Amino acid sequence: MSVQENELPQQLWPWIFKSQKDLAKSALSGAPGGPAGYLRRASVAQLTQELGTAFFQQQQLPAAMADTFLEHLCLLDIDSEPVAARSTSIIATIGPASRSVDRLKEMIKAGMNIARLNFSHGSHEYHAESIANIREAAESFATSPLSYRPVAIALDTKGPEIRTGVLQGGPESEVEIVKGSQVLVTVDPKFRTRGDAKTVWVDYHNITQVVAVGGRIYIDDGLISLVVRKIGPEGLVTEVEHGGFLGNRKGVNLPNAEVDLPGLSEQDLLDLRFGVEHYVDIIFASFVRKASDVVAVRDALGPEGRGIKIISKIENHEGVKKFDEILEVSDGIMMARGDLGIEIPAEKVFLAQKMMIGRCNLAGKPVVCATQMLESMITKARPTRAETSDVANAVLDGADCIMLSGETAKGSFPVEAVKMQHAIAREAEAAVYHRQLFEELRRAAPLSRDPTEVTAIGAVEASFKCCAAAIIVLTKTGRSAQLLSRYRPRAAVIAVTRSAQAARQVHLSRGVFPLLYREPPEAVWADDVDRRVQFGIESGKLRGFLRVGDLVIVVTGWRPGSGYTNIMRVLTIS
């Protein structure tokens, strides 16, 4: 039989749920041909022809309805369409290759959700100009309220990091550090802008006290490694273990050394004040080692910056060991795999990644996967196959956001890199085993008397039961949307808000599509709710993931203000 839009008898719903499951299972056991019968599995097209196309997302549907994770893997189909709307947010680092207004417009169109400014490089004047360009590019899409895409701005602090100086050849120069040669690592200020292949200046004055003979110094994410042979009055005499080309202002790592740098430097305090004055949405706090480092950042932001989200970057062994205490006081976590892969063995980075993503998912806090995701696209138009798998597996692990660094800051193909991450994420999201994920998250969730959280759990469960195309939530601060995201619905979460800051910040949460509603409140509360819900529906139609006949879950409050979300309804799109 064929079910037409808006003509579904109520008594057929139990049959639909059973049919979805049975058809998916028959792909494994019911097809002729014995154990290999799954090769002749029911296609998505056959399944949707049986059940009608208006009531659920079609992507990888047989796999989504599998009983076990192994069945789910067997039913994945390379010919299935990707998800219509990407759930994982894309963070792009803004630099010389991407800071023009026209290039930023292209990147927003390609899928950039959060623009990252790296304060390890550039002056305040430089970053102020970048912020102005980002906002101008984002506001160019504001002519249509339905298609307007809020873009968050994130400030990435320098943190207690160590960097090399400037080479005497100038800011764009490079020198080759040859394997087996001798290099002096010094803090003598006369070499700060006069570095060469034999002398490298670093900005950590106590380096001679914390590094022992035989210790290693890694430069530029470990591309260059030096072994300390002698500690002298002028600095550290080292032998090049692995050579390479050294540029300006490259990061330095001292594994196993007890670096005594403060959690926040004087420059960090100035940068955070700059962020508050320029209304940034997110702080990426670098080299967080313990909970007190996060508290120090919060104190530095002051009351004026209390609405800014703090995402702690885990980049060293101590941060991994104290992960739980850091997570408790943070708004989210970033896995900065570059420095982390130097501080701990490279073969253990994937373990740290999976652990951090899992714990963030359980806590319901955003988690960002960063560093070298599409590194080859700095110079090439297409990534390696290993890189595409890395991005996809970060999505499958449960990351809320995936980040581009040098690919967009200095690369030759910044727009193409964003497009590639967008395409990979769409395919990976279709392959997520949502049924198992939701059940595990629900079982692991502690008992709650918070009406908003209880309503969020019920809304996500209802979205699975009725195969809803979307969950529309009206939110003031973004908290309701984040709670819905916590339980990883298969349906898109359309968050309608009047708060521009909330609209930008909810990009940190997976599966949330923010809509900034600019109309003034109606005199009658119920009328205002209906208008905002309709605004969400119209935007969903425009973006292509809502159609006539689809079911949507609507989550609203019972009165104006934040903290009153406890009403859930089911609507049919007409």
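A Cβ is built for glycine as well, from the same backbone N, Cα and C atoms used for every other residue.
Record note: Swiss-Prot gives Asn118, Phe119, Ser120, His121, Lys250 as ATP-binding, and the candidate from Arg163, Arg194, Arg298, Arg306 in that site is Arg163. The substrate site is set by Arg116, Lys313, Gly338, Asp339, Thr371; from the centre of their CB atoms, other residues of the chain with a CB within 8 Å are Ser286, Glu315, Met334, Ala336, Arg337, Leu340, Ala370, Met403, Ser405. Using CA atoms as reference points, the binding-site residues Arg116, Asn118, His121, Arg163 were checked against Arg559 (beta-D-fructose 1,6-bisphosphate binding site), and the closest is Arg116. Taking only the Cα positions, the spacing between Ser292 (phosphoserine) and Lys250 (ATP binding site) is 27 angstrom. Taken residue by residue with DSSP, Ser120 (K(+) binding site) is part of neither helix nor strand, so it is coil. Between the C-alpha atoms of Arg116 (substrate binding site) and Arg479 (beta-D-fructose 1,6-bisphosphate binding site), the distance comes to 23 Å.
With Asn118, Phe119, Ser120, His121, Arg163, Lys250 listed as the residues that bind ATP, the site has a largest C-alpha separation of 14 Å.
Across the fold, the C-alpha of Ser120 (K(+) binding site) and the C-alpha of Arg163 (ATP binding site) stand 9 Å from each other. Other than Asn118, Phe119, Ser120, His121, Arg163, Lys250, the residues of this chain whose Cβ falls within 8 Å of the Cβ centroid of the ATP site are, in sequence order, Lys158, Glu161, Arg249, Gly251.
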